[in-house]
Amino acid sequence: MSGGKYVDSEGQLYTLPIREQGNIYKPNNKVMAEEMNEKQMYDAHTKEIDLVNRDPKHLNDDVVKIDFEDVIAEPEGTHSFDGIWKASFTTFTVTKYWFYRLLSSLVGIPVALIWGIYFAILSFLYIWAVVPCIKSFLIKIQCISRIYSICIHTFCDPLYEAIGKIFSNIRISMQKEI
């Protein structure tokens, strides 16, 4: 309670002191009010995206970073004409660049829609089905684990303790006979 009045069993009226930090809805002190105002709310729908660095987490560094030299290489001693090599390089690079752009413009939005739906369903199932099932299972298994623990302590602990005492009295002596 963050302030108020109550009557004790003898009929005395007491006022409760207001907590120094206030409650969670209306902070009482200025420090908490400033902290709450400083926190900026980030909306996933309005955040800015980086158009220069489009892979900030480096997901595709070793997968799709394929250049001309990674695909086509002429070993020492078997070289084509320099003009052919330059034209091949240009053709490969430009074709890869523009065909990727064409494919991403035609198929990118539908695939993004499909992946968005997929991850929305996955998030929904995880939040509303998986986590509650796991919590429910842990609550149920806790009862079983207590019963199991009692059984182990009741039946197995004395048995293993007795076996330990039996084997603790075994003495081995080695003699070397010449």
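First residue shown is number 1, and so on along the chain.
Using N, Cα and C of the backbone, Cβ positions are placed for all residues, glycine too.
These numbers come from a predicted model, not from an experiment.
The region 'Required for homooligomerization' annotation in Swiss-Prot covers 2-94 and is backed by similarity to another entry.
Per Swiss-Prot, topological domain 'Cytoplasmic' is recorded for 2-104 (among others), and the stated evidence type is sequence analysis. Mean pLDDT for the topological domain 'Cytoplasmic' (2-104) in the predicted structure: 75.
Taken from Swiss-Prot, the feature ubiquitin cross-link applies to LYS5 (among others), supported by similarity to another entry.
Residues annotated as N6-acetyllysine in Swiss-Prot, with similarity to another entry given as evidence: LYS5.
Residues or ranges marked as ubiquitin cross-link in Swiss-Prot (evidence: similarity to another entry): LYS26 (among others).
Per Swiss-Prot, ubiquitin cross-link is recorded for LYS30 (among others).
The annotation ubiquitin cross-link is assigned in Swiss-Prot to LYS39 (among others) on the grounds of similarity to another entry.
A 10 Å cutoff on Cβ-Cβ distances gives LYS47 (ubiquitin cross-link) a total of 7 other Cβ atoms nearby, all chains included. Sequence annotations record features per position, and here Swiss-Prot assigns ubiquitin cross-link to LYS47 (among others) based on similarity to another entry.
The ubiquitin cross-link annotation in Swiss-Prot covers LYS57 (among others). When Cβ atoms from all protein chains are considered, those within 10 Å of LYS57 (ubiquitin cross-link) total 7, not counting its own.
Residues or ranges marked as topological domain 'Cytoplasmic' in Swiss-Prot (evidence: sequence analysis): 126-178 (among others).
Residues annotated as S-palmitoyl cysteine in Swiss-Prot, with similarity to another entry given as evidence: CYS133 (among others). Long-range Cβ neighbours of CYS133 (S-palmitoyl cysteine) (same chain, at least 6 residues apart, Cβ-Cβ under 8 Å): none.
Among the features that Swiss-Prot reports, S-palmitoyl cysteine is placed at CYS143 (among others), with the record citing similarity to another entry. For CYS143 (S-palmitoyl cysteine), the Cβ neighbour count at a 10 Å cut-off comes to 9, with all displayed protein chains included.
For CYS156 (among others), the entry in Swiss-Prot reads S-palmitoyl cysteine, with the evidence type similarity to another entry. In three-state terms derived from DSSP, CYS156 (S-palmitoyl cysteine) belongs to a helical segment.
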Distance from CYS143 (S-palmitoyl cysteine) back to CYS156 (S-palmitoyl cysteine), taken between C-alpha atoms, in Å: 19
Neighbour tally for CYS156 (S-palmitoyl cysteine), based on other Cβ positions within 10 Å of its Cβ: 10
LYS57 (ubiquitin cross-link) and LYS47 (ubiquitin cross-link), distance between Cα atoms, whole Å: 17
